[in-house]
């Protein structure tokens, strides 16, 4: 199959390039429109009990998320002073005139004490919009902030709420993405120049990476027309598009140069490159793709968005490396080595430092294995302190105005009146007696953490009451509170909602989906690696080693982002004591896929040498010698791309960038260079064993 593809691409290179170029231009022109349609939400399970409760609250009780929550602070006098009242009236009138604003509600319009700070010098003003979408609320928040500003007639104005937080996160991510790209792309080109030595050879992988990004933007744009897609997906597209596009191109370009320097003509070199390196790229990409596809099994649209982005960008990176890149090589031919800046080794030597390292490791395989396992264990040790949370305003830098507002609310407004637990009895007026409701409420009052239980209200036969609690709504304490409440026997028709219930249902939804996702990943990867290697043992070994390196990475993330070590070197961000569950799952699955990427790179050469020599030890040594340069270069480039995310002011993006970069470097050095050769030496010929009945399903190298 791959040889036929190579022949086709080599013979029709001009047509292939023309079609590819036109497609890329069109995709880029349309794809950039996706940025205006992306969603900042998607963190809850739409089929959960709390989501169903919220639908009833919206439809029957007309409850809605405010686009903006303004905290109006009057430092000199209390909020009841007439000058403050007059100023707030003007603020309300100005806000009401803004396009998209439906109405406002405040302490000054209702007199509700729960909207007043403990020192009576600050109060809430809620702004409600005609839009229900996250994007719509964010746009309204922007208009309100632009019109009112941070001060008004001596009053200090602070902003938060769904729209304000969404606008802040979206803007921050968009700005940080531009900054990351402006650093990652030049650095990547310099690294490619160091690897290849020539301007033309160095530029081609970068073009493939950028093309994969533009094509993915187009696919995401199409998806926004039929479903919500998270703004965070664009970071993954940038990281994987540049990283994998370059990784796969490195493999193709390097193999092409190798074939040319062995005396083959241009067409033969292209065909041989696609037949060998192209096959490796295909299986490598397929491994990453099926890993990221597991994100579609989670109920959160936030994680599904990464699944869409991952499938798109990996598929396009593979496509770019297999079709337009070989077509370009067919046209450029021996000019691939033009404009040389520095001499670079093209054809890997049979022997060298990497082969020497492999032989050293394989002389003492048990000792090396024990030492590397101890190191990985030390790195993984902090994992015992890990605590999970959910993305909220705390992902923003501590100095960000919206984060400052959140801190002000925590310090000056008592209780959690803005985030109560909601209790809805569907058809309660028809099916339940007053005594049944009263008895249930008395038991809710006795739950640890509950401060106050409200009176009953009703609409369309639904009975509703609220419970004020003292927990942070997106914490393990809140999750424990909701679980305690749900253990209490309740009258029929009860739905429990609110922010704490939403957080609990989200965590439970992730926990239910996780075993299925992991099962899909492990089974798919084992099948693909078996097809690639013809071995039963190697795929299982690869999965187990990945679990070890991911545990070490998670330990480092815990040590930095939960325990706070080295935090001062990572810029302005908030140590919350938790890490976002969804982002950690994304980080782990991304690094799992990328680690398998390098496993395929290495095993392709080892397998090729084993089929040629029949000696396991020498095959490992020569395989490492011929693949390590490219694996190391690819890992370094990909880690630079993701490490640029550390510059982001959004904590969850910072975690993703640092986690993936660290995991890639750990995997490409400690795991691939030391642990893999040591284990393959100990397993010997068993590395390549498989039952005869299964052997026919593997491919020959």
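Yeah, the Cβs are placed from backbone N, Cα and C, and that goes for glycine too.
TrEMBL: automatically predicted annotations, no manual curation.
According to DSSP, the domain 'SSD' (206-331) comprises 110 helix, 1 strand, 15 coil. Annotation source TrEMBL lists domain 'SSD' at 206-331.
For 183-201 (among others), the entry in TrEMBL reads transmembrane segment.
As annotated by TrEMBL, transmembrane segment applies to 206-226 (among others).
Annotation comment: TrEMBL describes 232-253 (among others) as transmembrane segment.
What TrEMBL records for 274-300 (among others) is transmembrane segment.
The transmembrane segment annotation in TrEMBL covers 306-333 (among others).
Distant neighbours of the transmembrane segment (366-387): 476, 548-549, 551-556, 558-559, 562-563, 577-579, 666, 670-671, 674-675, 678-679, 682; these residues of the same chain sit at least 6 beyond its ends, with a Cβ under 8 Å from one of its Cβ atoms. According to TrEMBL, the transmembrane segment annotation covers 366-387 (among others).
TrEMBL lists 517-538 (among others) with the feature transmembrane segment. Remote same-chain partners of the transmembrane segment (517-538), defined as residues 6 or more beyond its termini with a Cβ less than 8 Å from a stretch Cβ, comprise 283, 286-287, 290-291, 293-295, 297-298, 585, 589, 592, 596, 599-600, 603-604, 607, 683, 686-691, 694-695, 697-699.
Here the transmembrane segment (543-562) has long-range neighbours at 373, 376, 379-383, 385-387, 522, 525-526, 570, 575, 577-579, 584, 587-588, 591-592, 595-596, 599, 651, 654-655, 658-659, 662-663, 666-667, 670-671, 675-676, 679, meaning same-chain residues at least 6 beyond its ends whose C-beta is under 8 angstroms from one of its own. Look at TrEMBL and you will find 543-562 (among others) tagged as transmembrane segment.
According to TrEMBL, the feature transmembrane segment maps to 582-603 (among others). Tertiary neighbourhood of the transmembrane segment (582-603): same-chain residues 43, 236, 240, 243-244, 247, 251, 280, 283-284, 287-289, 291-292, 294-295, 298, 300, 302-303, 306, 310, 314, 388, 390-391, 510, 514, 517, 521, 525, 529, 532-533, 538, 542, 545-546, 549-550, 553-554, 557, 623-624, 627-628, 630-631, 634-635, 638, 652, 655-656, 659-660, 663-664, 667-668, 671-672, 676, selected by CB-CB distance under 8 Å and a gap of 6+ residues from either end.
Residues annotated as transmembrane segment in TrEMBL: 630-649 (among others). Long-range contacts of the transmembrane segment (630-649) within the same chain, counting only residues at least 6 positions beyond its ends with a Cβ under 8 Å from a Cβ of the stretch, are 172-173, 176, 179-181, 183-184, 187-188, 191-192, 195, 235, 238-239, 242-244, 246-247, 250-251, 254, 396-397, 400, 570-573, 594, 597-598, 601-602, 656-658, 660-662, 664-665, 667-669, 672.
What TrEMBL records for 655-675 (among others) is transmembrane segment. For the transmembrane segment (655-675), same-chain residues at least 6 beyond its ends with a Cβ under 8 Å from one of its own Cβ atoms are 180, 235-236, 239, 354, 357, 361, 368-369, 372-373, 375-376, 379, 545-546, 548-550, 552-554, 556-557, 560-561, 570, 579-580, 583-584, 586-587, 590-591, 594-595, 598-599, 602, 624, 628, 631-632, 634-636, 638-640, 642-646, 648.
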